[in-house]
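**Q** According to TrEMBL, the protein carries these features:
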- 17-278: domain 'NADP-dependent oxidoreductase' (DOMAIN)
- Y50: active site, proton donor (ACT_SITE)
- K75: site 'Lowers pKa of active site Tyr' (SITE)
- H106: substrate binding site (BINDING)
Amino acid sequence: MSSRQFTLADGAKIPALGLGTWQLDGSKGREAIVHALKCGYRMLDCAFSYGNQDLVAEAIEQSGVSREDLFIVDKLANTWHSAAEDCLDRTLAALKTDTLDLWLMHWPSPLNHHGNHPKCPTLPDGTVDFEKDWNYVKTWQTMIEIQNRRPEVKGLGVANFGIKELEAISFTGVLPLVNQVELHPSLNQEKLHKYCKEKGIQLVAYSPLGSTGSALLLDPDLQVIAEKNNATVAQCLLSWGVAKGWPVIPRSSSPDRLEQNLNILELSVEDIDDISRIGKASPKRYVTAPWHTFEEIV
Ligand code: NDP
């Protein structure tokens, strides 16, 4: 499985499965990353705002896996849009790497760099404190300009972009290589997937298991398909994503589940169609944020 890849618009290869590092903290988090790398994960999905880049760097070092064999994704934090290059430098230093395979805009939501909170600054009335005189289009132009002069950034992408935001940056002539979005059978993003496919933008599935406390893992229809395949529901969800055509980046802090998730199955066309039908009637988004309003649910 670890060798399976998708090809991005610039010809770069992205592994079909990576490790999500959100909320992987402390020694348990570090050990999980070390274990993942030792058992074959080669893509790490990281972010400045996860506050654990040092820990990721320690885990890489401890695993003995060399940088050349890894695909590292990191993301520009919302409160750093107007200081993007500074965020990039801190990211490279914290991860102890000379390069990022992909650098993504984490959200199309620039927040006050000098506000009262490093992740979600607020105004006195409690509403989100957005960066004044700034917008995500300006951020995208800045990221392009940085990539043109900095070989450290191999590829650019975005996350949490809908069609509206992708259209708004298209005049730059530089489309993101990937758009990382919440993507699972309860949020199949059909419209966005079709649009991105036409434009050559690779979707990447975050929260592919339905995130923390996932209701999908308990879905009775998925349990039947899992039993039929002598597999787990998590394996079916990840295999469905890869079969549909996008990399998946599940997170786990458990060695057993990390190994389990690595095992992508070849599902039958019938199983893929059955999984696609789950959640279609009542789509659900599990990850929301106070700084962004999503336009389309599907
Ligand atoms: P996931 O969909 O990966 O689900 C993680 C949860 O599933 C954890 O509670 C984990 O528990 C559990 N789990 C993992 N494997 C199994 C299994 N085999 N069986 C049962 N339970 C399992 O959630 P995330 O929201 O973390 O998404 C994955 C990654 O996507 C993030 O870590 C992050 O890197 C990225 N992401 C990006 C976002 C963005 O804005 N760009 C937003 C959200 C996520 P346990 O640890 O106990 O195994």
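Cβ coordinates are placed from backbone N, Cα and C, and glycine is handled just like the others.
I would like each feature placed in context: is it buried or exposed, what are its neighbours, and how far apart are things?
**A** Around Y50 (active site, proton donor), the same-chain residues six or more apart in sequence whose CB sits under 8 Å from its CB are T21, W22, Q23, L24, listed in sequence order.
Take the CB of K75 (site 'Lowers pKa of active site Tyr') and look out to 10 A: across all protein chains shown you find 26 other CB atoms.
Mapped onto three states, the DSSP output places H106 (substrate binding site) in coil. Within its own chain, H106 (substrate binding site) has A47, F48, S49, K75, L76, A77, N78, A159, N160 as residues 6 or more apart in sequence whose C-beta sits under 8 angstroms from its own.
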**Q** Can you work out the mean pLDDT of the predicted model over the domain 'NADP-dependent oxidoreductase' (17-278)?
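**A** Averaged over the domain 'NADP-dependent oxidoreductase' (17-278), the predicted model reaches a pLDDT of 98.
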**Q** With DSSP assignments reduced to helix, strand and coil, which class does K75 (site 'Lowers pKa of active site Tyr') get?
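**A** Once the DSSP labels are grouped into three classes, K75 (site 'Lowers pKa of active site Tyr') ends up as strand.
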